[in-house]
Amino acid sequence: MFRPATRILLRAPGVAARGPVSRRLISTAPPDAKSRSWKSTIVRLGLAAGAVYYYNTSSVFAEQPSLSFLSKQSTPDSSDETQLPTIDSIKPRIREERQAESKAVSQPDAQPTQHEALSASEAALKSPQELEDEAGQEAAFNPETGEINWDCPCLGGMAHGPCGEEFKAAFSCFVYSTEEPKGMDCIDKFKGMQECFRRYPDVYGAELEDDDEADAAAATAAGVSEPSEQPASPTVSAPTAEIDASSDSEGKEGRAKDVHAQVKSEVAEKAEQAESDDLVPKAWHDTEGTKAQQTEK
């Protein structure tokens, strides 16, 4: 019933029977596994390529994570590189700022005096002819180009009004006149301009008032003055020479208007003086009357 152990050991085979061993590579599938089709291979390659593309282009992986050991290790290095300012490095900067403030306080007092000295010296060096040329350049007429700026504010916009053509003719005639005294050949054009002004009193009321005042002053001066043996030679002042070069543009525009009004009054006075020379003086009538009474007696 019980078999001895020695008998069992003798009956058991010493070496187990082994089948033939087949060799294969890691990449090759085992013989018991089914071979995959080419479609599954393409799908796997596509998924791998998509994962790589998403990893390279997505912003999720581009952001630095909030919890990172690399960021904690880099912060001590950056803090060591930055150096805090010391007292020795601040002292030179404080000295430079104080010196700059002291220079800024002293310079404004010296600059106005230098500017005033330069302006005074420039005004003293300029001759009356240079002052006249400068005034002409800033006024309506430019002697260098020989052109008239009809849009100049000093003309008061009269060149573009209803009498603009008459004003342009009279003003250009006076500017380009070569007669002595200047403007004697432009009397008729100035009279035509004044007649045009009288046709539009609403527009040229101020100019008409100036002309009336100039005519009244000329009439009173002609009535009071006695005729002399030699006719007085008319002189035309050069008002543009009186313009100060240091005045601003507004002052020069106002002076240009005064010059224009003065020229008109002088032309009117010359015309009335030429007419008064042909008239018989009042003293001659008185002497003739006394002579006639004496002859009758």
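Please read every residue number as a count from 1 along the shown chain.
For all residues, glycine too, the Cβ spot is worked out from N, Cα and C.
Source: prediction; values computed, not measured.
Feature annotations, reproduced from Swiss-Prot:
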TOPO_DOM  26-44  topological domain 'Mitochondrial matrix'
TRANSMEM  45-62  transmembrane segment
TOPO_DOM  63-297  topological domain 'Mitochondrial intermembrane'
COMPBIAS  70-86  compositional bias 'Polar residues'
REGION    70-137  region 'Disordered'
COMPBIAS  90-101  compositional bias 'Basic and acidic residues'
COMPBIAS  104-114  compositional bias 'Polar residues'
COMPBIAS  116-125  compositional bias 'Low complexity'
MOTIF     163-173  motif 'Cx9C motif 1'
MOTIF     186-196  motif 'Cx9C motif 2'
REGION    208-297  region 'Disordered'
COMPBIAS  227-238  compositional bias 'Polar residues'
COMPBIAS  249-297  compositional bias 'Basic and acidic residues'
Integer mean pLDDT for the motif 'Cx9C motif 1' (163-173): 85
What parts of the chain pack near the motif 'Cx9C motif 1' (163-173), using Cβ distances under 8 Å and only residues at least 6 beyond its ends? 140, 148, 150, 155, 183, 185-186, 189-190, 192-193, 196-197, 199-200, 203-204, 260
